[in-house]
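Written out below as C-alpha cells is the structure these notes cover.
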Amino acid sequence: MGVKAALPRYELYFYNVVLCTAMLWAARWIFDVSSSNSNRKTFKTSVQPGWYYSGRKMDTADVEWMMWFSTFREHVIFALSGHVIFAKICSLLAPQYRSLVFMVYGMLAVFTSMGWAYVTLILSHCVLLYSISLVKLRWLCFVAGLTTLATFKMEPFISWQAGFVTGSFELRPLLFYGGCGFTIMRCMSFALENCEKKDGNYSILELLKYNFYLPFFYFGPIMTFDKFYIQANNPNLTRKDGEMWNICLQGLLHLGVIMIVAVLLHFMYILTIPSDMKLLKNISDWALVGLAYLNLVYDWVKAAVMFGVINTISRLDHLDPPKPPKCITMLYVFSETHFDRGINDFLCKYVYNYLGGKHDNVLDELIASLCTFGIAALWLGPGWVVFIWAFLNCFGRNFELWTAQFFTMEPFISIEMAISESMSRRIRAVFNTFNFWTIVLYNVLALNSLEFAKLVAKRLLLKGFPFTTITVMFVTYCLIQLIKERERRQALIDDPDPIPPPAPASAPTPKDPSTTQTDAAAAAQPVDPNKQKAE
C-alpha cells in the first residue's frame with residue numbers, strides 16, 4: 001500500500017500470463033468436477049434444473065441469492081419500485097417531508113409482509129432503546145443494545161419473539177431475523193449519537209424515520225444515524241453533473257453481473273461441492289484451492305450486488321450509502337478485510353476507533369480489536385465456528401500491526417533504504433502472499449465449514465508440499481504484484497505528486513525515502529473507518 005515503485009513492463013506481462021493461465025486451469029477442473037458429478041445424491045437438494053435452453057442444472061445452494069434474484073424476485077421488484085415512485089413524487093411536491101414519506105411507506109411495506117405483531121415488536125424495541133438513550137450514558141446504551149441483540153441470537157428468547165410472527169410465508173424467517181437484527185444496530189447508532197448531542201435530544205420520530213427506511217430495513221447496509229439524519233433532511237435535492245447517468249450505469253452494471261453469476265452457477269457448482277467431503281478428497285489440489293478462492297469471490301460478488309442494488313435505490317433518494325465491500329481479489333492486508341462495509345463503519349466509529357484512539361498503543365489496539373470482534377461475533381450469531389473466525393481475524397489484525405512496528409526499527413529500515421524501490425516492492429509482495437492466503441483460509445472457515453477449511457489448509461500446506469504450495473504461492477505473488485500495480489496507477493491519478501512510469505528492463509528505479517515503511521505499517525497510522533477490519 002502506498003508503494004510508488006514501478007516494475008518493468010515485461011515483468012507485469014509475465015505476471016498477467018501466469019495468473020490468467022492458473023485461473024483458467026483451476027476453473028476448468030471445477031467445471032469438469034461439476035459436469036461429471038451433477039447427479040450425485042448429495043447434489044439433489046441444491047443442484048436443481050436450470051434454464052431450459054442451457055441444458056444444464058443450476059447450483060441453488062445459496063438461499064439468499066435465490067430469494068433475491070429468482071424465487072421472490074417479483075416481490076422485491078414490486079416493493080422497491082413502489083418506494084422509488086412514492087419517493088420521487090414526494091421529492092417533487094414536498095421535499096421537506098420526504099423522510100416522513102420514507103417512514104410511512106416502509107412501515108406499510110413491513111406491515112403488509114410481516115403483520116401487525118411484527119411491527120409492534122419492532123416498535124417496542126425502538127421505544128425501549130430510545131428511552132435508554134435519553135439518559136445519555138454511552139456504556140448503558142451499549143449494554144442495552146447488545147443485550148437486546150443477544151435476545152435474537154440465543155434461545156429461548158429467539159423462539160419467544162419469533163412466536164409473534166405467524167403464517168407459512170416461506171420468506172418470513174429470513175425477514176424476521178434480518179429486520180430485527182438491523183433494527184437493533186440502527187437503534188444503537190441512534191442512541192450513541194443522541195449521547196453526543198449537547199443540546200436536547202433527537203425525537204423518537206427521527207428514530208422511526210431512520211429505522212423504517214425500506215431499502216435498508218431488512219438486509220442493510222447500516223448507515224449510521226448522523227449521516228442519515230443530515231442527508232434525509234437535506235432540502236437541497238440538486239444533483240451533480242452526470243450523477244443520474246452514473247446511477248443508471250450502476251444499475252445496468254449490477255443487472256449484467258446478476259446475469260453472469262446465473263450463467264456461471266449453471267456450469268460451476270462452487271457452492272454445493274464444498275458440502276460433499278467425500279468428493280473433495282478426490283479432486284486435485286488445484287481444483288480445491290481454486291474452489292476455496294472462488295467461494296470467497298462469489299461471496300464478495302453477492303454482497304457487492306445486493307448492497308449495490310440497495311445503494312442504487314438510496315442514491316435515487318439523494319443519500320450517500322456505504323460503499324460495497326472491497327473485492328477479495330484486491331485484499332492482502334487484514335485492515336481492509338470486510339464483506340459488509342456498513343457493519344464495518346458502525347464498529348469502527350463506535351468501538352474500534354473510540355477505544356483504540358490513535359492506534360499507536362499496542363495494549364489499546366488489542367483491547368479495541370477484541371471488543372470489535374466480540375461484537376462482530378455476537379452479530380453473526382455465537383457459535384464455535386464464529387468464535388474461531390473472530391479470534392483468528394483479531395489475531396491476524398494485531399499481528400499485522402506488531403510486525404509493521406517491528407520492521408520500522410533498525411536495522412530493517414536501513415536495509416530497505418539500501419535496496420531499490422522495485423526490490424522493496426517485491427520483498428513486500430512475498431510477505432503479502434502469505435498474508436493473502438491467511439485471509440482466504442480464515443474467511444473460508446466462516447463462509448463454508450471447519451472441515452472444508454481444514455481440508456484446504458492440509459492440501460495446500462502439508463499434503464501438497466512442496467509442489468502445490470510453491471506453485472500456488474507463486475501465482476498469488478503474481479496476483480499481489482498486479483494489485484500493487486493497480487494501486488500505483490490509482491495513486492498516479494489521486495496524488496498530485498508525480499509517480500515514475502514503469503521502468504525499462506535495464507534501468508534501475510530511483511530511490512524515494514518516503515516509501516520506507518512496510519505495507520502493513522500504513523495500517524498502523526490513525527484509522528480511516530472505511531479501511532479498518534471489523535467483520
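Every residue gets a Cβ built from N, Cα and C, even glycine.
Sequence annotations record features per position, and here TrEMBL assigns transmembrane segment to 12-31 (among others).
Look at TrEMBL and you will find 76-94 (among others) tagged as transmembrane segment. Counting same-chain residues at least six beyond the ends of the transmembrane segment (76-94), those with a Cβ under 8 angstroms from any Cβ of the stretch are 68, 101-102, 105-106, 109, 113, 214-215, 237, 309, 313, 316-318.
Away from its own ends, the transmembrane segment (100-130) comes close to residues 79, 82-83, 86-87, 90, 141, 144-145, 148, 161, 164-167, 169, 171-172, 175-176, 179-180, 183-184, 187-188, 190-191, 204, 207-209, 211-214, 217, 232, 317 of its chain (Cβ-Cβ under 8 Å, at least six residues beyond either end). The feature transmembrane segment is assigned by TrEMBL to 100-130 (among others).
Cβ atoms under 8 Å from those of the transmembrane segment (137-154) belong to residues 125, 128-129, 161, 177, 180-181, 184-185, 187-188, 191-192, 195, 375, 378-379, 381-382 of the same chain, restricted to positions at least 6 beyond its ends. Positions annotated as transmembrane segment by TrEMBL: 137-154 (among others).
Per TrEMBL, the feature transmembrane segment maps to 174-192 (among others). Proximity of distant same-chain residues to the transmembrane segment (174-192), defined by a Cβ-Cβ separation under 8 Å and at least 6 residues beyond the stretch ends, is recorded for 63-64, 67, 110, 113-114, 118, 121-122, 125-126, 129-130, 132-133, 138, 141-142, 144-146, 148-149, 152, 161-162, 165, 202, 206-207, 210-211, 216-220, 222, 224-226, 343, 346, 350, 379.
Under the heading transmembrane segment, TrEMBL lists 212-232 (among others). Within the same chain, residues 79-80, 83, 98-99, 102-103, 105-107, 109-110, 175, 178-179, 182-183, 185-186, 189-190, 193, 202, 206, 306-307, 310-311, 313-314, 317-322, 340-343, 345-346, 349 sit at least 6 positions outside the transmembrane segment (212-232) and bring their C-beta atoms closer than 8 Å to a C-beta of that stretch.
Annotated transmembrane segment per TrEMBL: 252-271 (among others), in sequence order.
If you look up TrEMBL, you'll see 366-392 (among others) marked as transmembrane segment.
Summarising the annotation, TrEMBL assigns transmembrane segment to 429-448 (among others).
For 460-480 (among others), the entry in TrEMBL reads transmembrane segment.
For 491-535, the entry in TrEMBL reads region 'Disordered'.
Under the heading compositional bias 'Pro residues', TrEMBL lists 498-511.
What TrEMBL records for 512-524 is compositional bias 'Low complexity'.
In this chain, the transmembrane segment (252-271) lies out of contact with the transmembrane segment (460-480); the count of Cβ pairs under 8 Å, excluding pairs fewer than 6 apart in sequence, is fewer than 3.
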